[in-house]
Amino acid sequence: MESGRRKGLNGVLSSLSLLCVILDIQLDGVLGATHVEIEQHLEMGRKLLAAGQLAEALSHYHYAVEGDSKNYLTYYKRAAVFLAMGKSKSALPDLTRAIQLKPDFLAVSGHRKNLIFLFDLLPSPPQLHRSPDQEEARDQLMRANKLEELREEAHAAHHRGDYSTTITVLDRVVELSPWDPESRELRADCYIRLGDPRKAIHDLTPTTQLRNDNRAAFLKLSILHYSLGEHQESLGHVRECLKLDQDDKDCLSHYKQVKKLSKQLDSAEEHIEEARYQEAIVKYESVMRREPNVPYYTNKANERICFCLVKAIDICSEAHQRDPRNINILRDRAEAFILNQDYEKAVEDYQEAREFDMENNEIREGLERAQKLLKLSRKRDYYKILGVNRSANKQEIIKAYRKLAQQWHPDNFREEAKKKEAEKRFIDIASAKEVLTDPEKRQKFDSGEDPLDPESQQGGGGGQGGQGRPFHFNPFESGGNYHFKFNH
């Protein structure tokens, strides 16, 4: 019987924490202290409590209790904060002391029945006059026991990996006890496991205020925002973690990671604003190398690199209009067209440049390479087969390969005609993966040769490979004696 009462006490103190905060705010102004200084602490505590800043509110109530140890109201208000923080053991002595100082305290509140119930659960409750409201208090005890049962059910479902059921049960728990950080944290964990980081963020955010030192929640929030590509929000949360402990190893490590990426992204955008597209491309390529496992950043980097290349073509076109016989401009624009897989226009630019300088070996080799790529694109383009762009890294290529290989595996088809088509596609997909994940073979393909085509190998290979991006394209600097600066 005694264990049942204590179990009910733990459950109801959690669920009634919000009630005590509401009572604290409602009673303010009705039951005032006598000393000005105490009133100031109480007022500041009330404001902080209403704002959810529990630790700060508690410090003001400590001052109020120390300043006037015979003021029942200061004990009551401090107990309300303790309950809101989930510290029921600290709240019980303050509640008991408030009743001892003012036995008729319960009569002043319209929520008398709830407070009677609360004190009825004390280990040694003060002697109070009971009322018929105790019947409803007993009903609340039953609801408190139900809350405890729901918590146990949620933990059991989580333990067996049934996260959807856990969330359903915790929805009821949080409805009954909205200030319970443990239930919100558990539900957030379920959302993360089910791939719904937004809802996890929604649950974790209030827990940073419901616990005094919740560095773990700040770190989780930072990691979740980071995975969604929200690096500024991520930076804000990990900084809050370091405010609590500047030497926290996990937070410090993540802070350095986010800070470096954030700096690269901001720097890249600044370069774009200043029309320094070459530098922007370098920064975004660095972003892809740093975070190959976060789709948002690789997709964002590819998108912005593409934008820079398009702007490069536009800039080259403007420069070409001003100086139509400049072979360096034509060469640079041809390389930009190649990176955008527009081989026909690349051939046209190289042919035009060749007309102006028949002796230039670089132009001749560039034309041969562009012609090979055009011919190759009409046969088998490994980038197009896998649906990736020419700047894709190895991890992106393997990811695309696995998805397509699973989709086009011949065993997935029963009809003979579809099975044969799938076999052909499957071979092409495997060939694309073989070429594009092998640096030497990929370099040959980028130079206009098909390393898996014997006929292409017999034709020799012109052009030059290179490290990093496949070509020496630089539309922002010119070789030779001609130098120009692009301006909008």
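Note: Cβ is positioned from N, Cα and C throughout, glycine not excepted.
Feature list (source: TrEMBL):
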type	residues	note
SIGNAL	1-32	signal peptide
REPEAT	72-105	repeat 'TPR'
REPEAT	327-360	repeat 'TPR'
DOMAIN	381-449	domain 'J'
REGION	437-488	region 'Disordered'
COMPBIAS	437-447	compositional bias 'Basic and acidic residues'
COMPBIAS	458-468	compositional bias 'Gly residues'
Restricting attention to the domain 'J' (381-449), give the mean pLDDT.
87
What are the DSSP helix/strand/coil residue counts across the repeat 'TPR' (327-360)?
27 helix, 0 strand, 7 coil
In the compositional bias 'Basic and acidic residues' (437-447), how many residues does DSSP assign to helix, to strand and to coil?
8 helix, 0 strand, 3 coil
